[in-house]
Every structure is written in structure tokens, then in C-alpha cells.
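Let me begin by presenting the structure, written as C-alpha cells, before commenting on it.
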Amino acid sequence: MPTMPLLLAALAALAVLALAARPSPSCSPGPDPSGKCQRLVYTHSATCVDLHLRTCADAAYNHTSFPTPLEHRSWEAVESSPEYMLLGVIHFLLEGQCNPDLRLLGCSVLAPRCEGGHTQRPCRHVCEGLREACQPAFDAIDMAWPYFLDCAQYFAPEEEGCYDPLEELRGELDVEEALPSGLPPTFIRFAHHSYAQMVRVLKRTAARCSQVAKTYSIGRSFEGKDLVVIEFSSRPGQHELMEPEVKLIGNIHGNEVAGREVLIYLAQYLCSEYLLGNPRIQRLLNTTRIHLLPSMNPDGYEVAAAEGAGYNGWTSGRQNAQNLDLNRNFPDLTSEYYRLASTRGVRTDHIPISQYYWWGKVAPETKAIMKWIQTIPFVLSASLHGGDLVVSYPFDFSKNPHEKKMFSPTPDEKMFKLLARAYADVHPMMMDRSENRCGGNFLKRGSIINGADWYSFTGGMSDFNYLHTNCFEITVELGCVKFPPEEALYGLWQQNKEPLLNFLEMVHRGIKGMVTDKYGKPVKNARILVKGIRHDVTTAPDGDYWRLLPPGSHIVIAQAPGYSKVMKRVTIPLRMKKAGRVDFILHPLATGPKNFLPGPSRALPRFQDPQREPTQMDFEPPRARRQPASGSKPWWWAYFTSLSPYKPRWLLKY
């Protein structure tokens with residue numbers, strides 16, 4: 001579900017621009033109560049001007065013309081129009097579905113393509129195909145299809161001459177990408193992929209395996225590139241009860257490209273093997289929801305790719321376009337954890353974000369990741385890097401801030417070591433004693449290390465995952481060369497294929513279950529405690545939970561305000577292919593709420609985040625919001641209240 005503060009802020013800023021420019025209405029609504037524009041303006045001859053719209057920066061053309069089909073006659077008129085504002089927030093409203101396709105389709109109307117002194121219309125069949133695919137997403141939030149994406153009015157048939165506005169995004173195979181005939185269906189092209197090529201491969205893969213895969217965007221980079229994710233699940237696009245969620249992230253540093261390519265290959269492999277009936281892959285996709293983000297830093301990658309492969313790109317492109325190191329840009333919750341851990345009776349998990357964090361420079365890529373992990377109940381994660389050959393795990397920040405190297409374990413040290421070993425133990429190069437190692441030689445440690453014991457730093461993504469959410473994340477250094485040459489990519493994939501699959505299967509280690517009241521109603525945000533491990537997980541909105549646990553006997557407790565706590569003993573075997581099912585039924589207290597350990601937000605009110613991205617726990621399931629009450633507006637209408645008098649009433653169904 002989209003976040004109200006973020007969208008209101010964005011729309012408020014755009015509304016200020018509208019008031020300052022005070023343009024005339026972009027079109028006359030006419031007598032139609034829907035507020036649709038009644039006149040179309042498409043000229044065959046026009047004066048082409050450079051395209052200067054941030055939302056349309058990645059369009060497949062560089063020139064447009066005025067007036068536009070919606071009668072906009074200046075950049076100010078376009079940028080202050082409700083149509084343009086919708087394109088800026090549609091990603092959030094639809095939770096990443098159909099983007100960037102939908103945004104680029106809208107750009108083709110708001111800023112028509114102009115070449116050689118002539119405007120060109122987008123193709124009708126492209127619009128019709130996208131509408132068919134995306135209409136369910138609009139229906140899910142009770143939003144009408146935007147009038148300016150009317151396929152019959154604003155788009156041209158092929159016989160009249162038109163262009164595909166999505167060609168650069170998901171177009172046909174390039175000549176150099178075309179696969180030779182006779183190749184097996186598992187063929188993967190082991191080469192570096194540009195941003196456009198990466199998106200095309202992911203979208204083609206999702207289309208090929210549409211029953212178990214889909215793509216979506218979690219946000220945009222500083223330069224406007226969508227952060228595209230491909231997910232695999234038996235029901236893609238939705239969380240299934242008690243199905244664990246796992247994510248793999250590559251290219252957080254733009255010049256560390258091995259993880260980017262490996263995840264692109266993994267997506268194709270999962271799709272192909274599923275279609276071929278591979279029982280291991282089918283079991284994995286039918287019991288797990290897997291999210292792959294090959295490139296968290298596409299802007300930095302472009303800088304590194306321009307310099308080329310090899311050691312010469314050791315630092316070029318590491319940061320994002322704002323010159324920020326994204327793996328140092330997350331809130332420093334580890335320092336707060338060390339402070340809390342010294343106090344008995346205070347929770348040290350789900351630590352809120354300090355308001356001071358937002359006073360600094362926070363990258364849009366970082367914000368996108370934070371919103372993502374606050375929205376989806378991830379259980380397990382790995383961040384893929386390059387430059388060494390080792391698997392590290394939290395904490396990454398030393399418990400003594402003056403020590404650059406100091407063993408600093410989490411309460412889940414045993415589990416994190418198991419996760420790290422699940423990757424390293426089946427990686428042939430990490431276990432090869434004859435291999436010349438790069439950087440530090442971690443073979444004596446089993447090619448795993450506590451992050452702070454390697455080198456200490458703050459603002460890392462792994463520590464943030466663990467201390468702010470239920471998610472356990474490790475960091476994998478895939479090899480010595482950050483930007484390997486193409487001839488090394490096949491070997492890189494072969495070395496990491498089995499470790500990746502083995503790691504994904506680790507999400508099923510431990511226990512899972514439901515927490516309900518005596519009537520069977522789910523208890524959301526209930527706490528799952530394990531005696532001897534000072535780190536709790538919480539239930540999702542539907543009452544389901546997952547708790548990664550090492551082998552052994554554990555006392556597990558479920559509790560929630562207003563209910564009596566329930567305690568159970570569980571035994572985790574050395575080997576297990578699926579998590580043990582442990583349900584809890586909580587009974588209400590007869591004498592009022594019991595005193596529980598205070599959470600960090602109650603113990604530390606100064607750490608409440610004024611710009612906090614709401615988590616999934618803050619929202620009812622989307623199906624509960626689908627139908628507005630009689631006479632009321634849909635929940636998303638509040639996002640557009642700042643646009644008076646030009647509210648987009650054409651988005652209302654009622």
C-alpha cells in the first residue's frame with residue numbers, strides 16, 4: 001500500500017509549482033462530468049524542442065513539441081497538470097505494478113515524440129496490450145483508467161504509422177541478442193547487460209513464466225531509472241499465508257557488477273527450470289516468494305560500464321549519482337542497539353528511525369529499499385558484492401566505535417553463521433585451498449566472517465534489516481574482480497548457482513505458524529520470543545510469522561497486548577526441508593492488558609520518525625479497502641486534494 005506522507009509531500013511540492021506558474025487549465029473539461037478533455041491536438045508538422053521532463057527522462061526519444069495532445073503549451077502547464085502529477089505517483093498507487101511501462105505510455109501522450117519537424121503518435125496495440133494487463137491493478141484500488149490513455153483517441157493504428165513507446169524498454173531481441181536456432185530452452189547469454197537490456201531480459205522472463213513470475217518497480221534512482229524487481233511465486237504479486245519471502249539484491253555499489261549479472265542469470269534459470277519440470281525448482285517456487293533486484297544502483301553502473309571491465313573500475317561508479325555510498329546511507333540503528341542492550345527490560349528489536357536521520361542526505365535508492373522491506377514481510381536476504389571472496393554477516397558496526405576490527409555478534413549469531421555457511425560451504429572457490437585469494441584470506445575461517453570483525457562501518461543495509469524488521473541479511477563477496485570481463489561470467493555463474501539455491505532454501509529452516517485469538521481471528525503485530533535470544537520477530541497482518549532458528553531445543557513464546565502469553569518447546573533437527581508448523585492461540589486477559597517489555601519507540605520517544613514509511617502492519621489488506629463506503633471517495637483521493645480546482649475527477653468510478 002502506498003505511503004501517505006511521501007505522496008502528499010510530492011503532490012504538495014507540485015501544487016506549489018502549479019500556483020506559482022498559474023497556467024490556464026490544460027484543457028477544457030467540457031460538459032462531460034468525468035472532466036475529460038474534449039479536443040485532441042495532433043499536428044503533422046511541428047517545431048521540435050528538447051524533452052525536459054524528469055518523469056519522462058528515460059523515454060525512448062529526446063524531442064517533443066507544443067501544443068501537446070492535451071493542449072499544454074508550455075513546460076509549466078505540463079508539470080502542473082493533474083495528468084503529469086498522476087504519472088509521478090502512479091508507481092506508489094499501484095504498488096509498483098505496470099511500471100515503468102504505464103509511466104512511459106503516459107509520457108508518449110503528455111510529451112509526444114517529435115522528429116524531423118513532425119510529431120508521431122504512439123501505437124494503439126501497445127496501449128491496448130498494457131490496458132489489458134494493468135486493468136486489474138486499477139480495479140483493485142477502484143480507480144478508473146486515465147482518460148488520456150484512451151487507446152482509441154490518443155493512439156494510432158499501425159497502418160497510419162505509429163511507434164512503440166515501450167520499444168527501448170521491452171522491445172524485440174536486438175540483433176546481437178537474438179538466440180541461434182536449435183539452442184536448448186535453458187540457454188542463457190553470459191554477457192554484461194546495459195540497463196535497457198537488463199529490463200528487457202527481466203520482462204521477457206516474466207512474460208515467459210507469467211504463471212509464476214512478474215516484474216515490478218520499487219522506486220527510481222536519482223537519475224530516474226526504475227529499480228526493477230522480478231519475483232517468483234505460485235501466486236505472483238501477492239503474499240500467501242505462511243509462505244516466506246526472500247530477497248536477493250545486487251549492484252548496491254555500481255562498479256560491483258558480478259551480483260547484477262548473476263541475478264539476471266538466476267531469473268532466467270528459475271524460469272527455464274520451472275518450465276522443464278525440475279522438481280527442486282518447482283518445489284522452491286511453489287513454497288517461497290522470491291524477489292530479485294539485480295541493480296540497486298543503476299546510475300553508478302552506467303559510470304562503471306563506461307570505464308569498462310577489469311581492475312581499472314575499482315572505485316569509479318561505486319556511489320550513486322549523488323556521490324553517496326548506498327551501503328553507508330541507511331540509518332545507524334546499531335549504535336542505538338548497543339545503548340539499549342545495556343539496559344534490562346527494554347526491547348532491542350524493531351528499532352525506529354531517528355528523526356535526525358532525515359536531516360541528512362538520504363538517497364532515493366535507499367528510501368526505495370526501506371519502503372520495500374517495511375511493506376513486505378521479508379524473512380531472509382542477501383546482498384551481493386564484489387572485490388573479495390567471503391560471506392559476512394551482522395553486525396557490521398563494532399560494539400566499540402573506536403575499534404576498526406572487533407567481533408560484534410548479534411543475538412542470532414548461531415543462525416547467521418548457519419546462513420553464511422549455507423552459501424560458502426557449497427561454493428567451490430570459497431572452499432578451494434589451492435586458490436590464490438584476494439584481499440584477506442578467509443579460508444581458515446571457512447570463508448565466513450562477522451562483518452565488524454572484518455572492518456567496521458555504520459549505515460549498512462544488513463544491520464538495518466535485522467534491527468528494523470524481521471529480516472536476516474548476509475553480505476556475499478562474489479570474487480576478487482569487481483567488474484569481471486565477459487569471458488569470466490559463465491564461470492562466475494557456475495560457482496554461485498548452487499550456493500544461491502542452497503541459500504534460498506534456508507528460508508525454510510526454523511518454525512512458522514499462525515497467531516490467532518480463541519475465535520480464530522489473526523493477531524497482527526504479536527511478538528514471537530525465543531528464550532536465550534534477545535531478538536523478537538512480529539506477526540504479519542494476517543497473523544502469520546516465521547522464525548529462523550538453529551538446530552536444538554528452544555522455548556518459544558507468543559504474546560500480544562491484552563492477551564495471555566503462550567509458551568511452547570520446539571526442537572529443530574540438524575536437517576530440515578521445511579519449517580516446522582507451530583501455531584499459537586492467545587486468550588484475552590480478564591484483568592486488562594499485561595505489562596510487556598516496552599518497545600524502543602515507547603522507551604525513546606525522541607526516536608519516532610516523522611517521515612516513517614508505514615509498514616505492511618499499518619495497513620489492512622488491500623481487499624479490505626477496495627470498495628469505498630457509499631458516497632465516499634476512494635482512499636487514494638486524498639493524494640489529489642491539493643490540486644483544486646483541477647482535481648482528476650476522471651479517475652473516479654462513481
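Placement of Cβ uses the backbone N, Cα and C atoms for every residue, glycine included.
According to Swiss-Prot, the features are:
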type	residues	note
ACT_SITE	Glu477	active site, proton donor/acceptor
BINDING	His253, Glu256, His385	Zn(2+) binding site
DISULFID	Cys48-Cys114	disulfide bond
DISULFID	Cys56-Cys107	disulfide bond
DISULFID	Cys98-Cys134	disulfide bond
DISULFID	Cys123-Cys162	disulfide bond
DISULFID	Cys127-Cys151	disulfide bond
DOMAIN	43-165	domain 'FZ'
DOMAIN	191-507	domain 'Peptidase M14'
CARBOHYD	Asn62	N-linked glycosylation site
CARBOHYD	Asn286	N-linked glycosylation site
REGION	596-630	region 'Disordered'
SIGNAL	1-20	signal peptide
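Shown on the structure are the features that Swiss-Prot records.
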residue	record	DSSP (3 states)
Cys48	disulfide bond	coil
Asn62	N-linked glycosylation site	coil
Cys107	disulfide bond	helix
Cys123	disulfide bond	strand
Cys151	disulfide bond	helix
His253	Zn(2+) binding site	coil
Asn286	N-linked glycosylation site	helix
Glu477	active site, proton donor/acceptor	strand
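Within the same chain, residues at least six positions away from Cys114 (disulfide bond) with a Cβ under 8 Å of its Cβ are Ala46, Cys48, Val49, Tyr61, His63, Thr64, Ser65, Gln120.
Over the domain 'FZ' (43-165) the predicted model carries a mean pLDDT of 88. Checking the disulfide-bonded residues (Cys98, Cys107, Cys151) against Cys123 (disulfide bond) with a 10 Å Cα-Cα cut-off leaves Cys151. Sequence-distant neighbours of Cys151 (disulfide bond) (same chain, 6+ residues apart, CB-CB distance under 8 A): Arg124, Cys127, Glu128, Arg131.
Within 8 Å of the centroid of the Cβ atoms of His253, Glu256, His385, where the record puts Zn(2+), the same chain has further Cβ atoms from Asn251, Ile252, Asn255, Gly259, Arg318, Asn327, Leu384, Gly386, Gly387, Lys482. The recorded positions recorded for this entry are Cys56, Cys107, Cys134, Glu477, and the Cα of Glu477 lies nearest to that of Glu256 (Zn(2+) binding site). If you draw a 10 Å sphere around the CB of Cys48 (disulfide bond), it holds 17 other CB atoms from the protein chains shown. In the three-state DSSP assignment, the secondary structure recorded for Cys162 (disulfide bond) is coil. You'll find the Cα of Cys98 (disulfide bond) roughly 29 Å from the Cα of His385 (Zn(2+) binding site). Cβ neighbours within 10 Å of Cys123 (disulfide bond), excluding its own Cβ and spanning all shown chains: 23. Counting every protein chain shown, 23 other Cβ atoms lie within 10 Å of the Cβ of His385 (Zn(2+) binding site).
For the recorded site, Cys134 (disulfide bond), the DSSP three-state label reads helix. Comparing CA positions across the recorded positions Cys56, Cys107, Cys162, His253, Asn286, the one lying closest to Glu477 (active site, proton donor/acceptor) turns out to be His253.
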